[in-house]
Each structure stands twice: as structure tokens, then as C-alpha cells.
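Chemist: What TrEMBL records for this protein is below:
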TRANSMEM  70-88  transmembrane segment
TRANSMEM  353-375  transmembrane segment
TRANSMEM  418-446  transmembrane segment
TRANSMEM  452-474  transmembrane segment
TRANSMEM  495-515  transmembrane segment
TRANSMEM  527-551  transmembrane segment
TRANSMEM  577-603  transmembrane segment
TRANSMEM  609-632  transmembrane segment
TRANSMEM  644-668  transmembrane segment
TRANSMEM  688-714  transmembrane segment
Amino acid sequence: MVNRSCFLMLLDSGGRTRLSFSRLSPRQFPFSSSKGQSDPFFICILSSVFTFTATRFAQIWQNLNSMGSFGIWVVAIFLIVQSGYGFYLPGSYPHKHEVGDPLSVKVNSLTSIDTEMPFSYYSLPFCKPAEGIKDSAENLGELLMGDRIENSPYRFKMYTNETQIFLCQSDKLSADDFKLLKERIDEMYQVNLILDNLPAIRYAMKEGFMLRWTGYPVGVKFQDVYYVFNHLKFKVLVHKYEETNMENVMGTGDAGDVILGGGKGGSDVSGYMVVGFEVAPCSVMHESNLVKNLKMYDQYPSPIKCETTTVSMPIKEGEPIAFTYEVVFEESDIKWPSRWDAYLKMEGSKVHWFSILNSLMVITFLAGIVLVIFLRTVRRDLTRYEELDKESQAQMNEELSGWKLVVGDVFRAPSHPALLCIMVGDGVQILGMGIVTIVFAALGFMSPASRGTLITGMLFFYMILGIAAGYVAVRLWRTISFGDHKGWASVAWKAACFFPGISFLILTTLNFLLWGSHSTGAIPFSLFVILLLLWFCISVPLTLIGGYFGAKAPHIEYPVRTNQIPREIPAQKYPSWLLVLGAGTLPFGTLFIELFFIMSSIWMGRVYYVFGFLLVVMILLVVVCAEVSLVLTYMHLCVEDWKWWWKSFFASGSVAIYIFLYSINYLIFDLKSLSGPVSATLYLGYSLFMVLAIMLATGTIGFLSSFWFVHYLFSSVKLD
């Protein structure tokens, strides 16, 4: 799609044009010449790219229109299914390293699935870098997750194999160091190393299956003797640096070459990219007389046999530990965009697919049946009621019972109306945050290559959506108060503090436990101050602004008048709250399979990245929560129970009870090795925090759908 003038400009006598451009100054327009005039070469390139893109989109849209609405739905479902595993944007351009360039290995916090409490790498007697320990720049999400990334003494040179490199010899183990090392080995703590943003991965064969872990254990206990892994065998997978034509046109890095036209489309720029980082730990006994005069990075004088199946370096109080390593570089066919595939593969993918699709089909089928029966029943009642004349309607009201008899009470204000408005407003905020975050994650904007972006994104979206929380809470308050503006500021303020206040109370309590254990998972005091500033300087003002707009917006007019004297509710055969609590089983059925994978990701150290599945489950959960709440509200109105406000909220919000019970079940049967009351308290505290957020979000879905239904139902009834 290059017009004739651009085509002639791009060609030269050799059949292709080569253009080099260096770093642009801040004042220079990216597509301007040195004289400040627009470069026609770049204009031709951009016009060609945009024209081609627009043409292709037009062709695709024309084909979809020719297929009709059914074809569009088929394509949409196909795209959703294809995004089941999710995809990711690497988040940074490839790092090119010349042969011999230095590569620095970083260390993250020590982690364990037995305690769920991370600790600093240098809390154990490991070798420290000669230049001192330096913290890497971390974002808010990394700090909240307990990551503490620091430099390490491990140094590589690109594509340079090195063996028998002496690192250091620790001081003689004191009684405290010896005890701490044994505790970390008993608690199965893992050492997490990072090279070029890739975590170290470890492979092992067990019963014919290839198993993989991120990181390696501190040590192992064998026959009541503790052994430490003091020799590491690294394998770095590299791939030749390549530049495609489009990368060259757009520019990758600080400088690049643009090659257009014929040719192989490659580049003569030499260099390699890191596409894999593997580690094999060994326990090796070093002779003390050989390491006595060695300095860091010296060659160990005798051969080191690294056998992962045997251990030979026991730890003893009063004796030092010598550390060594070796590194091998291997060229790989893995390309830069695919280098995270080894980490994102989930175990049992076929079972995951089958279980999710089976749940989707069953729940969709049940929801469809419920919806059809429900609509037919309501439509039949409305049709019969509207076909009668006034006298017959009056006679029918005397003879029949059901939802038609609670016309004068159905919109009577509920008990604790302010609390209901606050919880619905916070539920809208949490639900919006969850949907937007999952959508961005499914589109690949929150890849694991960018640590902490998921938590940071959730905080950002939550603060921004404070406007929605204030608006919904205040407008619902004015609707319940029949348009009265009094008290809207108080409702908006409480909506801004209700869920965050409870969250801060839970997290602060858990943080004291982490502080007492000297864990890196404890939120630093400075970060606490930052979170408070974000809360009161951004979230609260935005919620008050939303409340102001909600106060200015017209309240929702009720279609019927409310009687002054409340109608007596007939005695029920069974407690209505029992039905409300049981209603949460259907929404729980839509997500319990996905919940297992999420819990395994959080507590078992596995990478969760099937956000496409999660997005489908989220949509299905919203639909099922709405339908369940509608059906229960209709059932309560049919037995003349006009107190539907809170029951519609907890009909769908009761799914949180089952999620909390499932969390306890997961703790007992799947986290059997979780050691100590502190770890169990942390688990239950975080589970309670998660369950509270889910209750507010799902309860809001049920209440808003029931409110719409009741308003629609009684606005369709003919009254005097």
C-alpha cells in the first residue's frame, strides 16, 4: 500500500534504502529533519502503514458484515476462547548483549509454601557482593507482594562459559546462624534468582515426569543431617539478536537501522538476547585448605563434581561454608516474545479446559431455563392483571395473594438504608476494579514480566472508580429518601471509608504479625504512609466528587406510592434467610474450579495467567448473580414479603460464605504443610479480606438487578 511517489523515494540504485538515525533530542520532532521540516521519507512510511492497517480493518469488517450477526458472534466467541490462556506484552524491548558483556544476577526474597512469609536473601549467611548490597527500584505492587530485589555476587559474561568459580567462604556459623539455617531448610525455603528479568527455573525428573520450579531450595535434610546447596550450576539460554522490518521502521531501543525492500529482512547487528535461565543446585564439600587464600571470582583449584542426586556438604555450628558456581551458555531457538512460555505453562491444561467449559455449559443451561420460566411467569401474571377492568382488579386484589398485594409497601425504605447505600457504592467500585483489571490482564497489559503491575493496576483502578462509588451511593440514598438531599455528604464520606477502613484494619493486624517475624512481607512504615496519602488525597476526594454528582442527578422516581402503615407479612413455612443463604451455591458453582487455580497461584507459588478463562467466568458470575437475586426477590414478593432490599443483596452476596468455607477446606487439605499459628492467621486474614470484597461486589450485582426488576414490574401494573 505504498503510493508511486513513496515507492520511488524508497528505492535507490541498489534496490533498497538504508537509513540510520541516532538518538533524537528532546526538542526535535521525531519525524522532522534537522532543519525542522517534516521528513518526507517518514511521512511516506507512516502513511503506508496507516493506509495498510485501515484497509485491512475495512476488509475484515466487510467480511463480518457479510457473515451477519451470527458470524460476528462466532468470531467473538472464538476470540474469547483463543484468549483463554491469555497473552502478554513483554513490557520492555529486547536487551542486546555483545559477547563478553557483563550480566548481573539479582536475588529476590526467600519464599516458602509452608509459612507464606518471605524473608530477605541476606538474612542467611550467603555471600554478599563486593560493592555492597543495593536495592533495586521496585513499584508499589512489588512492595505489597513482599518482593525485595537486591544485587548479588553472581557475575556472568555473555556467551562465556565459566567453571569452578569461587565466590566466598562465610564466617564460622554462630549458634543463631546455625539454628536459623536449619529452620529455613525445615520450612522448605526457596532461593529466587533473576537474570535479565527472568526468574531462575529448576527442572527435575520424578517418576517419569519432568517437574519444574522457580528457584531452588536452601538445603535439604537427610537422615537427621542438614545439607546446604553451596554450588550452583547455571545454564543461560540465548538467542541471536534479530530485528524485523517493522521493528526497524518503528525503532527499537536508542538507535537502529531501517532496511526496506528486498533482502532477507535480517540485520547484521551482532549480539544475543537472554531467553532462558536455569539453575541446578548441588551440595559439594570443599577442602578448607584450598579455599583459604582464594579471592572472589578466582578459579577453584580442583575439579568440582556437581551431582544433583547426592549431597555432601553438611552444616555444622562453628564451621564456615564455601560457595562456588559455574555457568554454561547455550544457543536456543526460543525467541524473545516466547521466553516466558516455560513459566506460564499450567499443569493439567486439558483438565482445566474441560472443567471450565463444562461449568460454562451447565451453568448457562440452568440460567437459561430459570430465565425463560421466570419471564413466562411474570409476563403471564402481568397480562392477566392488565386485561381486567377496575372492578375485576379490585376483586382480584381481594381474592388473590402474591406480589400484587405489596404494591403499597414494596418501595418502603429498608432498615439501615445508609449502610445499604454505602455497601452498594463500595460494591460498584470493587466490581468495576475487578472487571477493568481482568480485561487489561487478558489483553496482555499486565504480564508477569512486569512484576507488581497487577497489584498496582488494581490500586489505581480502585482509586479512580471512587467517583462511581460516591455517585451510586448518594443517588441510591436520595432515591430511598424520596429526593431529599440531606445527609448525602455523610453517605459519600462513609462510602469512601467503609471498605478501605476494614481493609486497613485487617492488613494492619496482619502486618504486625509479619513485623514480629522480621518478614519482608511486612509493609514498611513509609509505604503505609504512602497508602494513607493515596486513600485520603485521591480516593476520598474522588468519592466525594462522585457523591456531589449523585446529589445533583435526579433521583429515581418510584412507580407506585408507599402506604403510611406497613403491611403485615404473613407467617412463612420456612425462614426466608435460609433460602437466601442457599442461593449462593449456584454462583459458587460457576467459579469454584477457577478458584482452585487462583488459590494455587497465590499460596502454592504457581504462575496464574489464564485471564481469558477468568474473564469468561467473571461475565458468567455477573449473569448468574443477577438471575439468582431476581428469582429470590420474585419468590419473596409472591409470598407477600416486601422486605426484599437486604435479601436481594445477600442472595448473591452469600457466595462469599461458600468461598470462605472453601478457603478453610483448602487450608486443611491442600496446605497441610502450612506451619505455625502465624502462617494460618495470615492465610485466614487474607482470605477474610478477599471474601469481604467478593461479598460487596456480588451483593451489589444482585441488589441492582433486583431493584431494576421490581421497578420495572410495578411500573407495568395499572393502578388507580
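Glycine residues also receive a Cβ, built from the backbone N, Cα and C atoms like all the rest.
What TrEMBL says about a protein is an automatic prediction, not a curated fact.
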Chemist: If you count Cβ pairs under 8 Å, which stretch among 495-515, 527-551, 644-668, 688-714 touches the transmembrane segment (577-603) the most?
Modeler: 644-668
Chemist: Thinking of Cβ pairs under 8 Å, which stretch from 418-446, 495-515, 609-632, 688-714 has the most of them with the transmembrane segment (527-551)?
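Modeler: Stretch with maximum Cβ contacts: 495-515.
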Chemist: Assess whether the transmembrane segment (495-515) lies in contact with the transmembrane segment (418-446), where contact requires at least three Cβ pairs under 8 Å among residues 6 or more apart in sequence.
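Modeler: Stretch pair touches.
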Chemist: Residues sitting near the transmembrane segment (644-668): Cβ under 8 Å, six or more positions beyond its termini, same chain?
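Modeler: Hits for the transmembrane segment (644-668): 410, 414-415, 420, 423-424, 576-577, 580-585, 587-588, 592, 595-596, 599, 603, 625-626, 628-629, 632-633, 636-637, 674, 680, 683-684, 687-688, 690-692, 694-696, 698-703, 705-707, 710.
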